[in-house]
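Below is one structure, written out as structure tokens; comments come after it.
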Amino acid sequence: AVLVTGCDSGFGFSLAKHLHSKGFLVFAGCLLKEVAEVNLWGTVRSFLPLLRRVVNISSMLGRSPYCITKFGVEAFSDCLRYEMHPLGVKVSVVEPGNFIAATSLYSPERMWDELPEVVRKYHPMDYYWWLR
């Protein structure tokens, strides 16, 4: 069995469907709660007593507002790895490449277009182009 959290859309949704098509029993967490609730606590809270291996999906974009929780997944995984090692539980983190289209993250152009004028004044357009 596999637990996949954050299955409302994006990578989690695609991963859950793919694993199901490969014959896995998938527990798909599709809760419309705060991102931190899904990405941090939903990863293992309910299933930890049953697990021998934990594989968390994080993000290479660990420095944007969306990914502050993904960086939290990495820190949480590091702590969990240390704490669960004596019990033989393995903990891994997978950081997929750029899945911006699948995650519905905005392009730099769209972010700039939707910014309030007061924010544009203090953050020039060049600031958003580094996100490419």
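Here the Cβ of each residue, glycine as well, is placed from N, Cα and C on the backbone.
Straight from Swiss-Prot, the features:
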| type | residues | note |
| --- | --- | --- |
| ACT_SITE | Y66 | active site, proton acceptor |
| BINDING | 3-27 | NAD(+) binding site |
| BINDING | S59 | substrate binding site |
| CARBOHYD | S77 | O-linked glycosylation site |
| MOD_RES | K17 | N6-acetyllysine |
| MOD_RES | K70 | N6-acetyllysine |
| MOD_RES | S104 | phosphoserine |
Least buried by Cβ count (within 10 Å) of the binding-site residues L15, L19: L19
For the recorded positions L3, K17, G23, K70, S77, the one whose C-beta sees the most other C-beta atoms within 10 angstroms: K70
DSSP three-state assignment (helix, strand or coil) for G23 (NAD(+) binding site): coil
Residue pair K17 (N6-acetyllysine), C7 (NAD(+) binding site) - Cα distance, angstrom, rounded: 9
Cα distance (Å, whole number) from K70 (N6-acetyllysine) to G23 (NAD(+) binding site): 27
Proximal residue to K70 (N6-acetyllysine) among binding-site residues F11, L15, L19, F27 (C-alpha distance): F11
S77 (O-linked glycosylation site) and L15 (NAD(+) binding site), distance between Cα atoms, whole Å: 19
Cα-to-Cα gap, L19 (NAD(+) binding site) vs the residue listed as 'O-linked glycosylation site', nearest whole Å: 22
Inter-residue Cα distance where the pair is C7 (NAD(+) binding site) and S77 (O-linked glycosylation site), in Å: 19
